[in-house]
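Remarks on the structure that follows.
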Amino acid sequence: MSNLLNPDAIFSNNELSLSDIEIYGFDYDYTLVFYSKHLHTLIFNAARDLLINEHRYPVEIRKYEYDPDFAIRGLHYDVQRAILMKIDAFHYIQLGTVYRGLSVVPDEEVIEMYEGSHVPLEQMSDFYGKSSHGNTMKQFMDIFSLPEMTLLSCVNEHFLKNNIDYEPVHLYKDVKDSIRDVHIKGIMYRAIEADIEKYICYAEQTRAVLAKLADHGKKMFLITNSPSSFVDKGMRYIVGKDWRDLFDVVIVQAEKPNFFNDKRRPFRKVNEKGVLLWDKIHKLQKGQIYKQVSVYEFLKLTGWRGSKVLYFGDHIYSDLADLTLKHGWRTGAIIPELRSELKIMNTEQYVQTMTWLQTLTGLLEQMQVHRDAESQLVLQEWKKERREVREMTKSFFNAQFGSLFRTDQNPTYFLRRLSRFADIYMASLSCLLNYDVNHTFYPRRTPLQHELPAWSDSSSAFRAPALQEAQAK
């Protein structure tokens, strides 16, 4: 307990020196601005009503309300089977985290359904987490997808409980379209603009981060999929009416991830009324808002290339993947869930539970050589207790799906992608205030499995009091 984890720290997957960074880029939603718990309820309710009013779904589904504690980000959804689940970095399903509707699917049924617990590569989601080109899985990576997962589960639950025959593929598409319409029809944007104090979490630290970078002569830009007037009102609220003076380039409705791949779209100016102008852009003007552009035009007009650019976003695929793979930018992931998980990991109950779980694992590995009947009974008891402790550990984070970052023993598929596409990651941009602008982030050298002695070969591993006590018993 003397070595607590810092929820306000920045964590490094790849060595990164801020002294090399001259240009800072930002996404808007869940990067520069954070939303209150009311927003996901709004999205859920609006999409549920669209299902009823426009897709003719039963009015009885209106009884379902948004549960903020049901789902976590990074889950996979089997479109054809209508099943939500957590998958690890090796494509294995974490048993006990598979849900049909709002009910857990028994492990035996999961194993029979998938002929084990492994999901073949051809069934996994595509590069951007989508279900396309024959992929049957969809991965939900966006924070905005939490109400979508919950709505899918609620409607599935209604159909199953009432023995209503339905096509899971159609349900997935209809829910996806309804969630999309909440955004593109402006339902969400109008609601936030009408009651900005209810939906946006005011954060003075966002202004402080931007001001700190500006004071040190750093260039800054904003690239978001959100519309101009919506971004303007939000930034005025959290930063001030002069927010554009802080940014060298502002791009709205960028259509990421297409923004990072489309070579054909030239810049277009947006005037104060949100109208697109037709004049050709030869030079980017500070304080001007642009739309309908590609990263290639952006790079041509700015000359901002390679590792001197650091871009922050919350979506591992849409914000970060193409930047690091195709353009060589450095990337920072904003993971709001990180702060709450670290606080849980700092509790005495969690520390003691994890210590005992590791102790049980060490005992099982060391003592499995004893093949007599009495020893085997003890081993089976330990295995049973280990399963129970694992379930307890999962429930510390989320009763249904556990931690965003771990399955029972492996990293999640979400963490695998985070580690690949983000040089650094943190709970919020405010974490930057804890570091100098020339700070270098060094990733910890964590031992590989072959660099560690086996439990049975390590005498030091068994000096822990808990393990000695267990052996004595």
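Glycine too: its Cβ is placed from the backbone N, Cα and C atoms.
Predicted automatically and left uncurated, TrEMBL annotations should be read as such.
For ASP27, the entry in TrEMBL reads active site, nucleophile. Positions annotated as active site, proton donor by TrEMBL: ASP29. According to TrEMBL, the Mg(2+) binding site annotation covers ASP27, ASP314. Positions annotated as GMP binding site by TrEMBL: ASP29.
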Rounded distance in angstrom between the Cα atoms of the residue listed as 'active site, proton donor' and ASP314 (Mg(2+) binding site): 8
Residues satisfying Cβ distance under 8 Å from ASP314 (Mg(2+) binding site), sequence separation of at least 6: ASP27, ASP29, TYR30, THR31, ASP142, ILE143, ALA333, ILE334, ILE335, PRO336
Greatest C-beta neighbour count within 10 angstroms, which of the active-site residues ASP27, ASP29: ASP27
